[in-house]
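Feature list (source: Swiss-Prot):
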BINDING   CYS396, ASP398, HIS577, CYS592  Zn(2+) binding site
Amino acid sequence: MGITSVLTKDNVKKIDTDIDVQERDLNVFITSASRVIAPLWPISTFAARNPWMGLENQPFDQVASWLKNTRDVDIYPSASMIRSAKNKGEIDEDFVEMGLQRWLDSHSYHIPRDVAERFCHAALKLDPLPSDLLSSHELEKLVSECSGLDHIENVFMQPLSSYIENQDGERLVNILDHHVIKWSKLYLDDSQAGWTMPNREEGFYRAWQHLIQYDPALSKKQRERVKGWPKEAHLALQEALFALEIPESEIQTYLEGHLLSLPGWAGMMLWRSQQSSHEHALLTEYLAVRISMEWALIKPYLPLTNERSKKTISIAPLIAAWIHWGGLTLEEWSQMTASEQNEYLSFAYSFDEKLRKKLWLEAWEQTYTDRLSQKIISKQRETGREKSALAQLAFCIDVRSEPFRRQLEKEGPFETIGIAGFFGVPIATCELGSKHSHASLPIIQKPQNKIKEFADEDVFKKYNQRKQAIHSLSHTFKTMKQNALSSLLLPELSGPWLTLQMAARSFVPRKAGRFIRNLREAWLRKPDTKLSLHHDATEAEIPVGFTDEEKVNYARQALKMMGLTENIAPLVVICGHGSQSTNNPYSAALDCGACGGAAGGFNARVLAALCNLSEVREALLAEGIKIPEDTVFAAAEHNTTVDELHWLYVPELSEAAQEAFEQIEAVMPKVRHHVNAERLAQLPNFQSKLKNPKAEANRFAEDWSEIRPEWGLARNAAFIIGKRELTQDCDLEGRAFLHNYDWKQDESGELLANIIVGPGTVAQWINLQYYASTVAPHYYGSGNKATQTVTAGLGVMQGNASDLLAGLPWQSVMESDHEAYHSPLRLLILIQAPREYVERLLNHDSAFLQKVQNGWVRLASLDPEGCWESW
């Protein structure tokens with residue numbers, strides 16, 4: 001046996017073996033511990049998740065220190081990222097200096113200011129200390145003569161298995177992880193495996209308990225250790241904690257350590273527990289399985305020495321830092337008094353790598369903020385320049401909409417609007433012939449209504465038969481592939497067709513993809529459909545359709561959010577957005593985050609149809625919102641991969657609306673060409689001068705070997721809430737979420753509050769997902785797409801036994817193996833409104849205030865006089 005950490009009495013209170021852990025109610029401990037992970041939903045509906053959503057009650061830098069101490073995870077940008085940003089001119093070093101001076105002013109050290117500044121300036125270059133200095137005998141001698149720091153770091157309680165190695169030198173926690181991954185995959189499988197886990201209906205813990213006695217990966221003695229274990233998960237967890245002698249005061253921290261060992265699988269268990277009352281205790285069951293397995297594995301090594309050391313600070317790097325960065329000689333150091341040495345050591349310890357990276361990150365963020373403010377303020381439009389729009393097009397706030405909107409406005413008398421892509425209709429959508437519905441709204445909300453597609457009975461019956469034929473063929477193929485006997489015959493039966501498909505997909509992907517898609521559409525011949533907008537009295541968990549009051553409420557709310565309560569154009573187009581890619585497990589990550597990881601076209605159709613209802617218009621007119629008689633609402637979907645606008649719902653148009661429609665159609669090829677060229681030029685190794693942008697965009701969408709069909713929301717950095725005139729003349733480089741807002745129409749502040757709670761939260765989650773996947777890809781990302789394995793129908797792993805990877809793949813944030821494309825900046829929220837509006841928002845929304853104060857988002861405002869203020 002090997003102990004990988006020295007255990008001392010000083011770190012942990014003496015274990016009181018009289019504590020009867022079995023009598024403790026673990027619910028509070030588990031609920032509190034679960035804050036260190038975030039729910040993880042299936043990849044088929046991939047929506048952004050903030051990995052630190054449960055930790056926002058703590059400052060960002062404290063969480064950074066905690067993660068570094070507990071998991072050795074650094075959530076600040078690496079030195080190489082910072083150098084690259086500096087070399088590209090993305091960081092103004094004046095802001096680094098300002099941050100340094102503020103830090104020096106706020107700390108009191110008995111060190112000359114010029115000496116401290118010289119040390120800090122050299123250390124901020126982020127160069128590593130020379131290895132020959134660290135290993136020198138002279139330094140070793142100085143260390144032996146030094147009394148050291150009067151400071152000891154805390155060590156957080158880790159799983160006991162992390163301290164033990166087996167005879168082969170492998171840590172037992174790694175073996176434990178392997179077992180837990182295996183059982184988690186079996187239980188959570190979503191119809192991918194041919195055989196389901198026996199006794200699954202009894203719950204995770206009970207199913208595991210039935211099968212563990214037959215696990216060949218465990219020895220007979222290990223299986224016997226849990227043979228008589230309690231049949232209830234919470235009792236088993238209590239039993240395991242008691243057997244491991246975990247002190248009551250350390251239980252929560254101990255559970256946190258186990259949850260953080262496999263945050264992906266634990267996050268999926270947490271999400272499942274929140275979705276179903278049947279699985280409400282699933283996280284408890286997960287911990288019961290994991291810690292019971294730990295007990296079975298480490299029993300022969302117990303009891304461990306009742307000592308776990310505090311992590312004492314190594315002073316060698318601190319002395320070396322003063323010699324290398326501070327310019328001190330070995331002789332000068334040896335001549336210092338003990339108190340002087342302690343003062344210098346304390347200073348070097350405080351100005352550690354984390355603080356240095358923090359100063360660089362804040363300077364990076366301030367540089368972006370400063371340049372954005374200059375760009376916006378310098379290009380403010382003069383009053384009265386606005387012309388009446390022939391058409392108004394409402395797009396999702398998604399950063400990919402910004403270049404498309406900018407180019408569209410250049411080509412004609414069009415006004416574009418930004419709004420969350422579910423358009424304020426909290427619905428579950430059910431497509432024609434489907435038995436399943438999708439919650440097409442932000443993950444943080446629950447659907448209030450279900451809207452179904454339907455068609456005439458005779459037409460639908462024939463369509464459904466054609467659809468079932470395709471489904472049956474696909475199901476038969478999958479069944480044969482998973483069956484032990486029929487899988488031997490499958491290559492002979494399917495080989496010719498699959499060979500032809502593989503060759504076509506590989507050598508002519510664009511033509512092959514178009515041919516297969518056209519063939520499928522020609523066979524299905526999906527009929528024209530209608531939507532179940534009207535309330536169905538049939539009782540259901542979620543009501544089908546809307547009541548008359550709901551129709552008016554949702555239409556009114558959306559129009560106010562878009563600022564369309566007056567001066568409404570003849571044609572208003574509600575534009576959802578989606579993406580197009582082939583052989584891409586992360587396709588949902590490229591769709592609309594505000595629609596729960598699906599395309600937003602369905603929601604666009606619903607809102608457009610509501611706004612065309614005569615009874616809705618009459619009710620709105622009574623409230624002072626007049627929609628002109630010749631105004632028509634239509635719906636379209638913006639394909640962000642090929643930058644194409646696809647019409648979904650175009651009712652009978654008035655003469656003025658028809659003119660607007662034709663003009664949009666006329667300019668769309670030019671818009672698409674320019675946006676494709678702008679977007680594709682940012683992809684690595686793309687030669688824009690040598691290739692047709694439209695053809696190349698289509699190839700990216702159809703090529704099944706393409707690991708980066710588009711950049712998605714990479715480089716997102718700002719969320720701007722204000723009138724379109726604020727940013728209309730600005731090239732925001734596809735980095736800003738844009739939400740329309742007119743403070744003059746929001747006296748109560750309710751609209752602003754709703755934007756922050758809904759779209760603002762979604763944007764922040766997206767931002768932090770990209771941030772985390774960039775700065776800590778090994779822990780919060782999902783690795784290389786080319787080596788990923790889709791598992792259990794839920795997510796991806798690297799290989800066949802890793803954590804369930806929760807973040808974005810390498811190709812979504814990295815330009816190359818050594819160069820990041822995404823700039824890891826925390827989201828800047830800019831509000832165009834008087835100062836008192838922002839003050840009221842912060843006073844009423846304590847959760848948002850907490851995010852701002854703790855550094856999870858940055859906040860700025862622009863008042864009517866054009867004064868920019870950072871909060």
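All residue numbers here begin at 1 and follow the chain in the order shown.
Just so it is clear, glycine is given a Cβ too, placed from its N, Cα and C backbone atoms.
Since the structure is predicted, the reported quantities are computational estimates derived from the model, not experimental observations.
Overlay of Swiss-Prot annotations on the structure.
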residue : record              : DSSP (3 states)
CYS396  : Zn(2+) binding site : strand
HIS577  : Zn(2+) binding site : strand
CYS592  : Zn(2+) binding site : strand
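Within 8 Å of the Cβ centroid of the Zn(2+) site, not counting the listed residues CYS396, ASP398, HIS577, CYS592, the chain contributes PHE395, ILE397, ARG400, SER401, GLY421, GLY576, GLY578, ASP591, GLY593, ALA594, CYS595, GLY600, HIS638, THR640.
If you take the C-beta of CYS396 (Zn(2+) binding site) and look for same-chain residues 6 or more apart in sequence within under 8 angstroms, you find GLY418, ILE419, ALA420, GLY421, CYS575, GLY576, HIS577, CYS592, ALA594, GLY600, HIS638. Every protein chain shown contributes to the tally, and the Cβ of CYS592 (Zn(2+) binding site) ends up with 30 other Cβ atoms within 10 Å. All chains included, 26 other C-beta atoms sit within 10 angstroms of the C-beta of HIS577 (Zn(2+) binding site). The Cβ of ASP398 (Zn(2+) binding site) has GLY421, HIS577, CYS592, GLY593, THR640, LEU713, PHE737 as same-chain neighbours under 8 Å, each 6 or more residues away in sequence.
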